[in-house]
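Below you'll find the structure, written out as structure tokens, and then a few comments.
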């Protein structure tokens, strides 16, 4: 074992004592990090969710006696859903005597899971989401390094929900901003970074008000606006709508009357934007502020699950956005 590997391994055990838990719980959901490709020179065509958690750890300089592994799912994260979130939530709450939790996850919907658990959890230990942009057996795969960093972060960070990719550590503002690059995630500012198994925080996550884990999530739909849009249809049973406007949340005039009618009929409305960065300003309806449409959908659904009023929903968006 070389010096760098020893340093990463030491980060799993430092600051531990017989009275302190030093185990890390690894919860696995599949994704590219557990994917396999038929051609090692190809990283864009592969099968996600092929390897178990134990297989992912085989090549890492980590001692098995410091880890607990639990398989939650083996999916491509485009298929992530509330049922799997429930299983993850149960596993997190049933965990005992662990110093931190790492969740392997596909990158396509990881930002949504990070946001969901940031809102519904008030964790006592670090919870770290991690994925990869290249399958495990492709040349230049990033999964092993990302997972090593995630385990180190779970051992060193303060309690909270994190995401790590390509050495950088993020909070719930993170979003996927490139389809293929290893440095695929961005945010207003990373929380910090990992170097040789050590976490260097720039600042700590801000404490916010949380919402309890619901039994079900009300149906909330996202409607994308575009030049020339005149109308849109909603599926049956919709309780809320996130309207994806242009610019700072601009809504075409031809939609205003319909939106007002929906609101009168008890449909909750939030205005977001199709622009990658910047805050939404909305005077007629609740703005998503800095939340992307998928995150705005999650927060609105959680608020509706707990029967929050329009004023209360706006406060939660002000807090999390």
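Every residue, even glycine, has its Cβ placed from backbone N, Cα and C.
Automated prediction, rather than curation, is the source of TrEMBL annotations.
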Site-mate of 107, 108 for substrate in TrEMBL, selected among 55, 77, 141:
77
Give me the mean pLDDT over the domain 'Asparaginase/glutaminase C-terminal' (219-317), rounded to a whole number.
96
If you count other C-beta atoms within 10 angstroms, which of the recorded positions 32, 77, 107 is the most crowded?
32
Residue counts (helix, strand, coil, in that order) that DSSP gives for the domain 'Asparaginase/glutaminase C-terminal' (219-317):
33 helix, 24 strand, 42 coil
I'm trying to understand the geometry here, so how far is the Cα atom of residue 77 (substrate binding site) from the Cα atom of residue 32 (active site, O-isoaspartyl threonine intermediate), in Å to the nearest whole number?
9
May I have the list of same-chain residues other than 77, 107, 108 whose Cβ is within 8 Å of the Cβ centroid of the recorded substrate site, in sequence order?
31, 32, 76, 78, 80, 105, 106, 109, 110, 131, 176
Residue pair residue 108 (substrate binding site), residue 32 (active site, O-isoaspartyl threonine intermediate) - Cα distance, angstrom, rounded:
9
With the substrate site defined by the record as 77, 107, 108, how many Å span the farthest pair of C-alpha atoms?
7
